[in-house]
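For reference, the structure discussed in these notes is given below.
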Amino acid sequence: MALVLLHCRENNKAHNTDEISVDRLIVRRGKPFLLTLQMKTADMSALDKLEFTVQTGLQASEALRTKAMFRISPAGLANNLWNASIQEKTVSSVTLSVSSPAEACIGEYSLRIKTASSFTCDNKFILLFNPWCSDDSVYMLQDSDRQEYVMSEHGLLYMGSSDYILPKTWTFGQFEQDIVDICLKLMDRNLKCLRNKEEDYSARSSPIYVSRVLCAMINAQDDGGVIVGNWDDDFSDGTVPTSWNNSVEILRKWARNYNSVKYGQCWVFAAVLCTVLRCVGIPTRVVTNFQSAHDTDGNLVIDQYRAESGRVLENDSVWNFHVWVEAWMRRPDLSGDFYDGWQVVDPTPQETSNGLYCCGPAPVKAVLEGHVDVKYDVPFVFAEVNADIVNWKILSNGSKIMLNSDTCEVGQNISTKMVGMDKRSDITASYKYTEGTEKERQVYKEAVKRGTKPLSNTPNSPPGSRNLQLKLVEVSKSINGKDINLSLVLNNSNQASKKLQIHLLAQVMLYNGVPGAIIWTEDPETLLLSSKEMSIPIQIAYPRYATLLGRNIIRVNAIVTDLDNNGISYHTEKDIVPENPKLTITTKGMAYPGSEMTAEVVFENPVSMVLTDCKVTVSGSGLLVDVQETNLPSIKPNTRIRVLVPFVPYKAGARQLVANFNCNLFTDINTSITVDVKPAHIATRV
């Protein structure tokens, strides 16, 4: 029997997969890889009789392109078929270059070679998408982009609010050795594969199909996928979503017994999908949309209702932020190449798409131009970034009065990590034209025309003469653990004085736009003189919101009624995200693979209350194999704690060590440090 040498280390390095493993063959489609056959002399004299068979999946067939049989071809023969050519030959061995088509199905393959006298045993290898190959539909031109969107194992997610954007360090870890197997298992367990394995394996040539399947498998809504979503603030039987900062831990937990992991919210779903898509070779980035609308009836209008007191009622929701991913690919299923490039893929289970909880791939260019008749799920994404808002006041008799409309509020500061830098890149202009311009309104009307719902007849402004301006202003930056101080600024542009009835209300809002507890109210009356401005101070004491925040925000609402002008009402609101205390992390020791190092995490309790249920987690791809957790029963007021975590780096390169702190009052306090791990051969010289 002939012996096959797969040259795993050399091939994997050439195919940019050596970060996954150098002990098994993992290659990218459209690029040759080398193998050496050691054979009997008789077989060496009959190389033209060599017959190669590669196949993936069950009941593989040439008709479905999941199986190929081929012989040695002349070197340099260019075609889009599986082929092999001779590179080097000795008396007892031959080294061959084997090439796969740039549109081959991805997955685990078996390779068998028939010689003149025998067969080789099956040799397993994994084939991935290839962003380095110009013929591959995920090809990306700039190497700096490939390094960021395929090779980088850590990154930044953006959260908070449009006025206070918070970065969160995340470990994607797509090149941890077992993650590629978990990704393949995810595809094998998707509902389409369970219904028709042969068609599913054949469709894995398309990143459109693969991204859609994996998107559905990240959430557990209808297929036993990876993560269970929970927006109820009761996480007692699972993990609080804000505690996660590492995709690897979540994917490994799912893979142990294929039970869905509790719990996740939008940024967790998106970050895990980013890991999976980068692992299989699709360039991917995580994107945050602030003031993200959820249009439940598809009319591109978000109706928001408030009681006369200002209390927010249940309605179409506007999330203070929502996170999805963009995946880079061509769209040959659509006309021409206009829609090629970034595609929105959103694994958070909000609405179904063709019967499954997934969203996309939706071309970002289609969203920009209002082409909502383009697949997949463009109307939903367009509404998330460009729906109009109408605010209504519900009177005690059940009738409603329009307070105002807003065409600019939805879709702000759309953010992703900058290429090669730990900075935020604002990509709003790729989703929508500048708010307030004629072009933006033209696109909105184009979307309505192409959509399935008629244009709303909502007036652009409420009736009546409106000569009162109001706004809410933070007196100083709000700090979690301190009282919050604001001012309601009123400006009367009329020549007559105004008697005003004011309803002030502060309410916790879940980050997905669902109203929570009311924490403060006040209902003053005042007389505002003609052509004058006045400020009304607002103070929200810390104990009122101490146990309610998490990833939520405080929304301060003001409804002002002009009692001298037919009861005309005015409305303004402001979202407050108090700044969390700081967490620091440092390291000690020489950073080489196999060397012993120590991380020190420091946190100080800044409030006059005892913190309970405290947990520090430390993780880092290439630095710690498993997430390290330290539980602390309590931290007294104004007390500083230090947590020491020993670790041994196992991969060279710039690595991110990430620390998280959570307790009963503070959640998701996050920090990180770059550890530059020098190669082992340098360590031997020191």
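A Cβ is built for glycine as well, from the same backbone N, Cα and C atoms used for every other residue.
According to TrEMBL, the feature domain 'Transglutaminase-like' maps to 258-349.
Residues annotated as active site in TrEMBL: CYS266 (among others). Taking a C-beta cut-off of under 8 Å and a sequence gap of six or more, CYS266 (active site) has these contacts in its own chain: TRP319, PHE321, HIS322, VAL323, TRP324, THR348, ASN512.
According to TrEMBL, the feature active site maps to HIS322 (among others).
Residues near ASP346 (active site) in space but far in sequence (CB under 8 A, at least 6 apart, same chain), listed by position: CYS215, PHE269, ALA270, TRP324, VAL325, CYS358, CYS359, GLY360, ASP377, VAL381. Annotation comment: TrEMBL describes ASP346 (among others) as active site.
According to TrEMBL, the Ca(2+) binding site annotation covers ASN386, ASP388, GLU435, GLU440. A 10 Å cutoff on Cβ-Cβ distances gives ASN386 (Ca(2+) binding site) a total of 24 other Cβ atoms nearby, all chains included.
Per-residue pLDDT, averaged along the domain 'Transglutaminase-like' (258-349), amounts to 92 for this model. Taking the Cβ of HIS322 (active site) as centre and 10 Å as the limit, one finds 27 other Cβ atoms among all the protein chains shown.
For the domain 'Transglutaminase-like' (258-349), the number of residues in each DSSP class (helix H, G, I; strand E, B; coil) is 15 helix, 41 strand, 36 coil. It is ASP388 that, of the binding-site residues ASP388, GLU435, GLU440, has its Cβ surrounded by the most other Cβ atoms within 10 Å.
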